[in-house]
Every structure is written in structure tokens, then in C-alpha cells.
Amino acid sequence: MFKRKSTAELAAQMAKLAGNKGGFSSEDKGEWKLKLDNAGNGQAVIRFLPSKNDEQAPFAILVNHGFKKNGKWYIENCSSTHGDYDSCPVCQYISKNDLYNTDNKEYGLVKRK
């Protein structure tokens, strides 16, 4: 698993870290920093590159349900986020009891109100 290091080696590493006060080198050439004008304002253009895999969405899709009943909130992520559409009890209830799916005429009347 882990190898024990000599205490002298550990002390040398600690001394090296203690010498760098902030723990960050401001002279890091690989880090990009926004250039500011005299007023302290900066501007940058951010480009979103296309995904390497065309089938995968370039963002994460998260489906959740949230509603209040009897003074209590129910907020949970839906299993349809992961493609499991059948095991979500909220989705099952909505599909069985939603007026749009069950009684389209009554849905039209409620929608008008």
C-alpha cells in the first residue's frame, strides 16, 4: 500500500512548502488571467466546442420533481435522469392521474381558467 518515507525526506518537503508563502506561484505560464483595462473592467469570449461524441449531450440533463403537500415539500431527483422512466413513482402517478392524459376535455376546461 503506502511506503514509509524517511523523516528527513518529509522534513525537506515541508520546508519546501513553507518557503512558498501562498502555496501558489503567480508566475505560472499555463494559467490564463483576464486582462483588465485602467477602469478595472475585463472582457472575454468563451467558445463552447462541439463534443467528441455526437451522441452525447454537451451538458448534463437532470430531471427532478418538487411540490408541496400538507405543508411539507417533496424535492427529489427523478430516475428518468438516468434513463429509467418506469421506476419513478412521481412520473407514474402523473401519467395515471394527469387530466391531459386521462380526460382531455376536462383538461381543456381547467386550462382555460
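Glycine residues also receive a Cβ, built from the backbone N, Cα and C atoms like all the rest.
Given the structure is predicted, the values throughout are model-derived calculations rather than measurements.
Marked as region 'LAST' by Swiss-Prot on the basis of similarity to another entry: 3-7. The predicted model assigns the region 'LAST' (3-7) a mean pLDDT of 69.
Of all Cβ atoms in the shown protein chains, 17 besides its own fall within 10 Å of the Cβ of CYS78 (Zn(2+) binding site). Annotation comment: Swiss-Prot describes HIS65, CYS78, CYS88, CYS91 as Zn(2+) binding site, evidence class similarity to another entry.
Using a 10 Å radius centred on the Cβ of CYS91 (Zn(2+) binding site) and all shown protein chains, the other Cβ atoms total 17.
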